[in-house]
Amino acid sequence: MAQFFKAKPNSSKQLSAKVTLEVTKLDHLGAGMAQHQGKIVFIPGALPNEKVTVQLTEQKKRHARAKLLKIESDSNDRVEPKCPHYQQCGGCDLQHLSIDKQRSYKQSALVDLMAKLSHTEAESLAPALIGQEWDYRRRARLATHYNKESKQITLGFRASASKQVINIDVCPVLAKPLSDLIAPLSLLLNQLSGKKALGHLELIDADNGYFAVLRMTKALSDKDAKKLTAFANEKSISLIVQGNEGEFTILGDRNELPYYALDDVKLNFTPGNFIQVNAAINESMVKQAVDWLSVKPNERVLDLFCGVGNFSLPLAKSGAEVIGVEGVPEMVKQARENAADSGLDNVSFFHTDLSADLSKETWLGKVDKLLLDPARAGAFESLQWLKKMKPKAIVYVSCDPSSLARDSEPLLKHGYKLKKLGLIDMFPQTHHIEAMALFELD
């Protein structure tokens, strides 16, 4: 039998091709979507209702990716980005979209993802929790890179999908007093003899002042310590040096650790402890969670992934008995201290593996209501045993709607109804979507 040779398409020519496309919508990562030769093309930076010229950069069986080259006709929703480092820094990716449209896009993406992945709709869609669009971050970690040739430190954020550190001198989403510290700190760090030992820099806007936390892989020299101390006193900040083992030394006159308050509950935290970076949204989020759970003094509430007590302590203020569970021992210790400082004796904290079955733990007992605030990976393992506890109500705070949708399935199968769903706009100017869901046992 004769065999005929069929040449494969020239993929290099396909990828170098420039095409003009009509953008119809945004995907859940904020990239524009268009159609080309029967495939969906994802175009970062493009907006719906725009005609754009792009270069194809990746071809898959059912989709392609492209680089935005030129906007032939732009959307009425396109705005001028505020940050001079936008599209270089990998932090923000939606500054080119008006804030109102950012929020409506996120709301739609949340509802669509839940419907698509969990095959359910909420009985009630709550108003989005929103705050200021700029100057909202009370905490940020900046990376450092030492250049062996120039012998200089680059201080900034990493480029998108890259380890490259982009030099940053201002950050409009960071609280302005923290943003104003970046440039002088960059100058200071480059004056240190031990700058090669710099790991990262963390900036914190706490209720008791501003903090700069330097991660060092080697001990500071006396000369460098004096320079840092003088800077801390000049700027009236607390400067904390953190070593390899997590130990820290406070330099300067302000010898204290950071805290934030929720009403009359004070939450201390240390470098490395997780806290929500948007203070105003966190306050609204905690209030909404407490309202949705509607706890009563005779009820027992389980708070999984409790951290330093962000939800546990406000829940305990309602009079209910609260059990907080966390996988990081240092945060459990801090949560216990925070409860004691607030005079709350109706809350207990435990350290354990959150993926393990805790239903037989003697300290757990009956659970009337549940709050969980997991990391992006979600709480699928925990929900396998939690459903046996049959709490009457569950508030799930999610930083990844895909995980929330996946984790909803075992709850829905065991008689829970999705009563409420709401967007939490924790990170304006980015595509990141956070959400809160209320499940009740039918």
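Glycine too: its Cβ is placed from the backbone N, Cα and C atoms.
Owing to the predicted nature of the structure, the values given are computational and were not obtained by experimental measurement.
Look at Cys399 (active site, nucleophile): DSSP puts it in coil. Annotation comment: Swiss-Prot describes Cys399 as active site, nucleophile.
According to Swiss-Prot, the feature [4Fe-4S] cluster binding site maps to Cys83, Cys89, Cys92, Cys171. Note on Cys92 ([4Fe-4S] cluster binding site): other Cβ atoms within 10 Å of its Cβ, all shown chains, come to 24. Under the DSSP three-state reduction, Cys92 ([4Fe-4S] cluster binding site) is assigned to coil, being neither helix nor strand.
Per Swiss-Prot, the feature S-adenosyl-L-methionine binding site maps to Gln276, Phe305, Asn310, Glu326, Asp353, Asp373; the stated evidence is sequence analysis. Taking a C-beta cut-off of under 8 Å and a sequence gap of six or more, Gln276 (S-adenosyl-L-methionine binding site) has these contacts in its own chain: Asn282, Met285, Asn310, Met426.
Summarising the annotation, Swiss-Prot assigns domain 'TRAM' to 12-70 and lists sequence analysis as the type of evidence.
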Message = Could you give me three numbers for the domain 'TRAM' (12-70), the DSSP helix, strand and coil residue counts?
response = 5 helix, 36 strand, 18 coil
Inquiry  = Please list, in sequence order, every residue of the chain apart from Cys83, Cys89, Cys92, Cys171 whose Cβ lies within 8 Å of the Cβ centroid of the [4Fe-4S] cluster site.
reply    = His85, Tyr86, Gly91, Gln95, Phe157, Ile168, Pro172, Val173, Gln429
Query = Sorted by position, what residues of the same chain at least six away from Cys89 ([4Fe-4S] cluster binding site) have a C-beta under 8 A from it?
reply = Cys83, Gly156, Phe157, Arg158, Ala159, Ile166, Ile168
Query = Out of Cys92, Cys171, Cys399, the recorded positions in the record, which is closest to Phe305 (S-adenosyl-L-methionine binding site) when you go by Cα distance?
reply = Cys399
Task = Please list residues from the chain of Asp373 (S-adenosyl-L-methionine binding site) whose Cβ is under 8 angstroms from its Cβ, counting only those at least six apart in sequence.
result = Asp303, Leu304, Phe305, Cys306, Gly307, Asn310, Phe311, Val397
Ask   = Per-residue pLDDT averaged over the domain 'TRAM' (12-70) comes to what?
value = 93
